[in-house]
Amino acid sequence: MTRELNMPAFPLHGVQLIEASAGTGKTYTIANLYLRLVLERGLTVPEILVVTFTKAATEELRGRIRQRLIEARALLASGQARDDGDLGTLVHRLTEPDVARQRLDEAIVRMDEAAVYTIHGFAQRMLTEHAFESGAPFEAELLGDEQALRRAATEDFWRRRFYGAPQDEVAWAAQEWGTPEDLYERMSDVLGRDAARLLPSDAGERAAALLPRWQRLHAELRAAWVREGEAVSEALLTSPALKRNIYTAGGVEAALRAFAEWIAASEPPPGVLPERIQLFTPAKLGAATKKGAEPPTASLFGLCEELADLGPRLLRAYRAALLAEAAGYVRKAVAEHKSARRLLAYDDLLARLDAVLASADGAELAMRIRARFPVAMIDEFQDTDPVQYRIFQAVYGGRDDLALFLIGDPKQAIYGFRGADIFAYLQARRDVGDGAHTLPVNWRSGSALVAAVNRLFSASAHPFLFEQIEFHPVRPSQQADAKPLRLDGATPAPLACWRLPAVDGKPLTTGAAQAQVALACAHEIAGLLARARSGAALIGAEPLRAGDIAILVRNRNEAAVVREALDALGIASVFLSRDSIFSTPEAEALRRVLRAVAEPGNARALRAALATDLLGADAAELAALEQDENAWERWLTCFQRARQRWREHGFMAMFTQLLTQAAIAHRLLAARDGERRMTNLLQLGELLAVAAAERSGFEALLRWLDARIDAPDGEDEAQQLRLDSDESLVQIVTVHASKGLEYPLVFLPFPWICKPFALDKSGEARAPFLFHAADDFALCADLGSDAVAEHAAQAERERLAEDLRLLYVALTRARQRVYFSWGAVKRAPDSALARLLHPQGMPTDDAALRTDLLALNADAPLLELLKLPDGPTAAPPPQTGAALHARRFDGRIDAGWRVTSYSGLVADYDARVELPDYDAFGAAEPAAALRAQRDAFAFPRGAQAGLFLHALLEKLDFPGAQGEALSDRVTEELARHGFDSGWRPAIEALVTRVLDTPLDEAGLCLRNITRADRVDELAFYYPLAALDCAALNALLARSGPLELTGEALSFRPQHGMMKGFIDLVFRHGGRYYLADYKSNHLGDRPEDYAPALLDAAMREHRYDLQYLIYCVALHRHLRARLPDYDYARDFGGVFYLFLRGMRPADGPRLGVYRDRPEPALIAALDRLFAGAEDVA
């Protein structure tokens, strides 16, 4: 049973589900629940988990929650709280106002600690914070998109499967799928859903069982052809018994040729029949025999009948087996690629967390999550999937002492193409039983529009097809009509419909209907804006603006039709979609410009950059440059300076300089859609700046850009076009992008366009398709099963159900009025709107269509029928607005706050970038003298060598690093870092020595540390209060591990954040250790790495400070993560490993620097970094 939500009485324990219909205040409700949890349960901000699905939504939720807490605090302080059914009620009933005030003050101050995450951010945080339990690498790189990996794996499958295969099989694959890219496109939906159950599950076995009979039939038919071929050919061509309108001479000759070719093939592709094989079957011959005559007979005909029956079954099984093989290969190849390179896709984060929670250690992890977050609120829960639901069930299910609030609206579940699974929501709905609530009041739309939507969706028993998705009519708010739409002084009906009558009794084609409706939209909008200028079109007391109008479309093709019609009438518009920024023309143009910046001496690249519309040179100007040496030199100098600025000051400094010096911004903003294009370019610049910070060099950044332009991913939130809004422009928005937005007027021009899912004429699917099983709702992929017709019917049902939800989203974006079109258009009967308007089926005559439309007016005038325009409408004149002025910034920026690091403190240069694998400040050491022998001492020195050795050790599985596995990895890393492969034996020997050298007298070796007990390149940030060098010097001189000589540390006072990377953290014998790899060259003999010389090197580079900073980081981490943590018991120590000098025979005597800082020193440093004055 579902009941209306009563906020003051809503239970704050157990699993509760809140269905928030469009416009009913979902975010407001979350903020109120958060307030109650703080006030009534006394929870602190970090204890309340709020999960949503986009980064933008996390920021909105944070702001709304903070504002609600502030409002409650103000109302409490005023003493004016009253029982008003809203905030006043929540505050009025508090019995301990002083406690409430204290809780609110603390919550407001700590809102920066609020646990408001995206679902993937939550999973990543849990895996990272519990890395030892989950086995998740700290340093894994996150992939926004796996398409490029899947494409490459599909191409590799094609090469392995079909290169070298029999020619007939290759020809069949080319005919069936065309190219590897075509195969990928057909399978892309399946390849993106690793959890999908592949059907038939035994395709390979079925094909294998049928194949022997196929081969025998081929042999038997070949023999029969030898015996009977001439007689059969003669009979088919000349028999007077056969009807010659069926067995035509040309048709029979073509069939005989095709049959002969099939017989001649050594091994025809499984299931591929000769063309027109039916002409050779007794059934066809009998049907085509004249009355009273006897059909021709031959044993070959009986074999052909069997062949015709077997072929389709074998072909279906064989095709399904190959598709299953391809899917399995791609899934495995992508997983191996990611594992080898420590890459994680966003869904991998969820899958890993799900797997850990389901493992033997899952109960422990679930307990820790519950202890940290006793309450969780999951926003937009209708977009969940089975993995996400299992995660929260594992943590919170069946626990009445906790609280899990699932908040969403199944009627707005429109992201199935992203992996959202409405059936997971429906399962949750069943699980909560009586714990389901609805929000009853619509706070968005006018009362008439609320009534119209209620009427439309209440016309049938199950408006969303699945009976579990109920439609609960909502009530308008008391302020619903505060700002009504007024046209010529009257309030129009909330729905307006252009009728599309049949032409000569036939429905309109989609193209013809689109053209008519796009023109109607443009004319209506022009008229509305004209009336607004005369004060005859008002929203409340304000004139209607272009930005108040949204035209909702399904894709950019529909948008182009509408925009063309608007342009014809001079109406400015902007198209807002969730496409990838990398699919825009600006991305391609910027790629060419950046290539020229990277290679300013490349004349071809420079000319290509100049030819882009960013720089604006046309063919004549480019030709003129060939003759104008000075002009060419000016452009060359411009790009050379840009390259130098990129190198010295970073990408963003170069990018912003180029925008102004090359007049790019001026040129773009002068164009009709200049603001949109400039927004795109700036977004690209920001993404490239982030990518540049994570990559070294021009080429690495350009490769990153190439990969994203070649495979743009509009589902990656970081790539999605920004939905900038402009009040002077009509908004053209995709329905998917419009979710969560609202507009006074909405135009829904093409609600009759749909793509029904259907099989081809032979009863086969054109490509593998997804559907949900009827029994357990599991996601399945039909690759060619015997139940394909049944599965296709379910897929079509799911298509229609999602279209109904899309229609609901579109209709509920409006505040005052919705315009749409309806009538006799092809495919309209299969659309979502047809199901709502015509529950008994869409009639074919215009009068009956009109009757069904006007049924909406049974209780109130909710629908106005409009005529299609038949004349031109004047274009509206340009609107003028008030002069704009830049706001004055009166805030204060703390210029002293910064991120510093060990290198910043040592070098007194805190702007220096701290990177992983940072040895000896990255400075190159003097080149080694030439040595005939290649060994660890002769290996090149400097930063590049350090990077190589760090990367190699990071990627090795220590216990398994031997033999071929070690050799392959060394060879790969040498090539990756630009070293000659001849160093392989020396590096293999070095690695083996490093792994097998005892690090202490107990025999601890890296070789014994498994992946599960280590974390490589552990990145950390921790707060740094005001740090003075004198205080740090005094503490280290008094209690530090080394006897310091020479100058003390000298750096400016620091406050902000401390940052660093620990090469290795590992667990052994119940203790945690940290290790740092040093590639420093101290000499060419093992004795040069003796303890005294290691102490000197540690002192010279102040590595003592480095590992003490690391120790504080690990100390704080372990203190936060381990119950009853004790430094003296749980921390094992520090190892600085000078790799060139390590020898197993010498044990820890050579190449190994060890220390275990005293607990008092680490405690003192911890307090010093936290801002304590007395750290003695």
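Note that Cβ sites are derived from N, Cα and C of the backbone, with glycine treated the same way.
For 1-446, the entry in TrEMBL reads domain 'UvrD-like helicase ATP-binding'.
Here TrEMBL flags 1-850 as region 'DNA-binding and helicase activity, interacts with RecC'. Across the region 'DNA-binding and helicase activity, interacts with RecC' (1-850), the prediction's mean pLDDT works out to 91.
In the three-state DSSP scheme, G25 (ATP binding site) falls into the coil class. Annotation comment: TrEMBL describes A20, S21, A22, G23, T24, G25, K26, T27 as ATP binding site.
Per TrEMBL, domain 'UvrD-like helicase C-terminal' is recorded for 476-740.
Look at TrEMBL and you will find 896-1176 tagged as region 'Nuclease activity, interacts with RecD and RecA'.
Annotation source TrEMBL lists Mg(2+) binding site at H950, D1063, D1076. In this structure, D1076 (Mg(2+) binding site) is part of a beta strand by DSSP. Other Cβ atoms within 10 Å of the Cβ of D1076 (Mg(2+) binding site) number 21 in total over all chains.
Per TrEMBL, active site, for nuclease activity is recorded for D1076.
Ranking the binding-site residues A20, A22 by the number of CB atoms within 10 A of their own CB puts A20 at the top. Of all the binding-site residues listed (G23, G25), G25 has the fewest other CB atoms within 10 A of its CB. Other residues of the same chain near the ATP site, with their Cβ within 8 Å of the Cβ centroid of A20, S21, A22, G23, T24, G25, K26, T27, are T29, D409, L439, N442, W443, R444. Within 10 Å of its Cβ, the residue among the binding-site residues T24, T27 with the fewest other Cβ atoms is T27.
Among the binding-site residues listed (H950, D1063, D1076), D1063 has its Cα nearest to the Cα of G23 (ATP binding site). Here K26 (ATP binding site) comes close to I18, A20, D379, I407, G408, D409, L439: these same-chain residues lie at least six apart in sequence, with C-beta atoms under 8 angstroms from its C-beta. A gap of 48 Å separates the Cα atoms of G25 (ATP binding site) and D1063 (Mg(2+) binding site). Between the CA atoms of A22 (ATP binding site) and D1063 (Mg(2+) binding site) there is a gap of 50 Å. In three-state terms derived from DSSP, H950 (Mg(2+) binding site) belongs to a helical segment. Cα of T24 (ATP binding site) to Cα of H950 (Mg(2+) binding site): a distance of 55 Å. Sequence-distant contacts of S21 (ATP binding site), defined as residues of its own chain at least six apart whose C-beta falls under 8 angstroms from its C-beta, comprise D409, K411, T438, L439, N442, H472, V474, T812. When the alpha carbons of H950 (Mg(2+) binding site) and T27 (ATP binding site) are compared, the span between them is 47 angstrom.
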